[in-house]
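To keep things clear, I will list the structure first and then write my remarks on it.
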Amino acid sequence: MSNRTPDPLRFPARLTWGVATSSYQIEGAAREDGRGPSIWDTFCAAPGKVRGGNTGDVACDHYHRLDKDLDLIQGLGVNAYRFSVAWPRILPAGRGAVNPAGLDFYHRLVDGLLARGVTPWATLYHWDLPQALEDEGGWRVRGAAEAFAEYAAVVAGALGDRVRHFITLNEPWCSAYLGYGIGVHAPGATDLAASFAASHHLLLAHGLAVPLIREQAPGAQVGITLNLHHTYPASDSAADRAAARRGDGFQNRWYLDPLYGRGYPQDMVALLGEASPQARGLVRPGDEALIAAPTDFLGVNMYSRAVMQDAPGEGWLHARQIRPQGSEYTGFDWEVAPDSLTDLLVRLEEDYAPGAIYITENGSTYPDTVSEDGTVHDAERTRYLESHLAAMQAAMTQGAKVRGYFAWSLMDNFEWAEGYDKRFGIVHVDFGTQARTLKQSGRWYRDFLARTRETVGV
Ligand code: IFM
């Protein structure tokens, strides 16, 4: 943990302060009201893919506990809530017939938020691809991008009179690389070329969707969320500095460069060789212009940093991420590195100048338990939260146009391949009883927001 003293945290007025979740991680009701199967239903059903054989069938049962969960959100004093829409609830077969019951759930969610004075932020894709599209090749093929554009237009048309903030994709790096490259996420493929094909089709999906969302929801703010790691060399050697540059290319520039009109980074295209979507003829003339469709904001999901060391012959990147000694680590073994958030935000401003930056996820997992006194004493998460808010504040004083922050996550939920083993919530969930308990970190966030509201207004 850094030695920074986070207090007093002082932010300007009119920032967005929220909590975030995603559909498959919290909703449950996996087979209700006409929802079609998603790649995560299939992945969870395959033996050995998810810790403990856990699934999102019930998750936090949010689908059935909507009103109480909205009260919980309101009680935190946030002014925004970031959720995701489950594509298979809206278009059970991925495209074509719209399922009105699926849309109805999000109408109730959005209306319920607005009635409580909370601004809805809708993410359109947080990894639950309809299985019917995966059966056609999934993100490996261009058809998924076209289907996503159709779906985005349906959701923006239905909700856009009340939802004024749309995020097209959440963390396309994860969908592409974890899902198609190393197989630890759905659909579980292990093929480098497929993962880079997927990354291109995901970016294309975003680019095709942006103008359609604008058409259906005039005046709405549209952006994309990336998971970014500021990248550092393990030593000052030229080799390690080059490894850090490659790590940055893989994790950050592969997405940022085309989104901000620079096209795909040529050093990475060369490194990928035959596995690149360019070599395979998947990047058609005009695609890069579509991907660079102007957006209103960049969503940044930040959890840690990457320290890279040169490793000739190791994987296609010839680099490895090292685990720095003497650092603090979360329950996921992710290094706690708040200063890297400042570096990241300042770098994004300098290199890409997005119209606005929102931290759309930031948080940590620890093995929390409810003590006998009924409290979850998660001091580490509270420190994590405080230190990262201080890091965001530092970046703002250095000129980064950060306009909001969403804590990940509102509540403990289905943490993908880790099942229910990793808890990221500021609200504890007992998955046996579905009891929700505000953790100390949640109380801290609520009190911080109340102080901020008093001093500058939220
Ligand atoms: O839970 C995930 C979320 O779905 C995407 N970003 C990272 C979180 C923690 O792993």
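Please read every residue number as a count from 1 along the shown chain.
Including glycine, each Cβ sits where the backbone N, Cα and C put it.
Feature annotations, courtesy of TrEMBL:
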- E171: active site, proton donor (ACT_SITE)
- E361: active site, nucleophile (ACT_SITE)
- Q25, H126, N170, Y303, W408, E415, W416: substrate binding site (BINDING)
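Distribution of TrEMBL features across the structure.
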residue : record                    : Cβ neighbours (10 Å)
Q25     : substrate binding site    : 24
H126    : substrate binding site    : 24
N170    : substrate binding site    : 24
E171    : active site, proton donor : 24
Y303    : substrate binding site    : 24
E361    : active site, nucleophile  : 25
W408    : substrate binding site    : 23
E415    : substrate binding site    : 19
W416    : substrate binding site    : 24
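Secondary structure from DSSP puts E415 (substrate binding site) in coil.
Listed in chain order, the extra residues whose Cβ falls within 8 Å of the Cβ center of the substrate site residues Q25, H126, N170, Y303, W408, E415, W416 are S22, E171, E361, S409, N413, F424. Looking at H126 (substrate binding site) and E361 (active site, nucleophile), their Cα atoms lie 12 Å from each other. The full span of the recorded substrate binding residues, Q25, H126, N170, Y303, W408, E415, W416, taken as their largest Cα to Cα distance, is 18 Å.
Secondary structure from DSSP puts Q25 (substrate binding site) in a helix. Separation of the C-alpha atoms of E361 (active site, nucleophile) and N170 (substrate binding site): 10 Å, rounded to the nearest whole number. Note: the Cα of W416 (substrate binding site) and the Cα of E171 (active site, proton donor) are spaced 14 Å from each other. Annotated pair Q25 (substrate binding site) and the residue listed as 'active site, proton donor', C-alpha to C-alpha distance, rounded: 15 Å.
The separation of E171 (active site, proton donor) from W408 (substrate binding site), Cα to Cα, is 14 Å.
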